[in-house]
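The domain 'G-protein coupled receptors family 1 profile' annotation in TrEMBL covers 41-289. TrEMBL lists 25-48, 60-86, 92-120, 140-158, 197-224, 236-259, 271-291 with the feature transmembrane segment.
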């Protein structure tokens, strides 16, 4: 590209859902409600896992990390989305776009690894329960959680840094956020290096962990079916069912976005999918774990019971 006069963009315009103005109001209300529920639900889960001694176990340590991820993930893009849904001029400065892209990629990549780690935790708990306290010691769990975060941040740094070096021939992003695939559509020419990095990272963080999770659940299901007690089987299914539901929701949306042929769906469909896994899934995670887990519900009641205002006006 040497010798060409390429513009260095200081800001970007976000197309969002401008083609459907009436839809923007509906999406604003939908996104605002989902975001508030996400903050409340995940903050409550973090609070009870920290304050309730019964929840000081590996599963809830990882669940607390998942809640922190969901809060950070939605906070990286939803506030900008809410502002732009009510604005006629939807703009974001270059540095803001870069930060938004990086944080979204980092949180999403970290969640891919963390969900695989949580599957391994369930595998050890059900398939090798006698050695579970030794294998999944607090130190090991902290290290596994740290590896998830570091992997997410490093892969996001790799993808973002190379994407920002690609020459862009426009500054109108056909999306409601600085989503990396939407930004790359502005490239003056395809970059083999960036395409290769995106493909390798996507394969490592999507089909790789997904395959590991599937293999883990084959062994988990086999072990559950050998449990003689109906109560024991139901408890095992309950704890695994919540995790498996989250996995299906998250990976289903992510796989449809990052490992599909470029021309297989319209940009409008991609926006809706992004909205679903960027807003809806983080909101559903604490609800899924709370509704299906008796220990979490009891812990929430116990923690809320310590609040004077709650004791005065009623109970769950």
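Each Cβ is built from the backbone N, Cα and C atoms, and glycine gets one as well.
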* Listed stretch, out of 25-48, 140-158, 197-224, 271-291, that has the most CB pairs under 8 angstroms to the transmembrane segment (92-120) -> 140-158
* Asked: Going along the chain, which residues at least six beyond the ends of the transmembrane segment (197-224) come within the CB cut-off of under 8 Å?
  -> 109, 112-113, 115-116, 119-120, 122-123, 126-127, 151, 155, 158-159, 162, 180, 184, 233, 236-237, 240, 244, 247, 251, 254-255, 258-259
* Beyond the flanks of the transmembrane segment (140-158) by at least 6 residues, Cβ under 8 Å -> 58, 61-62, 65, 102-103, 105-114, 117, 120-121, 197, 201, 204-205
* Contact set, same chain, for the transmembrane segment (236-259): CB under 8 Å, 6 or more residues outside the stretch -> 59, 66, 108, 111-112, 115, 118-119, 122, 125-126, 181, 198, 202-203, 206-207, 210, 213, 217, 220, 223-224, 227, 270, 273-274, 276-277, 281, 284-285, 288-289, 292-294
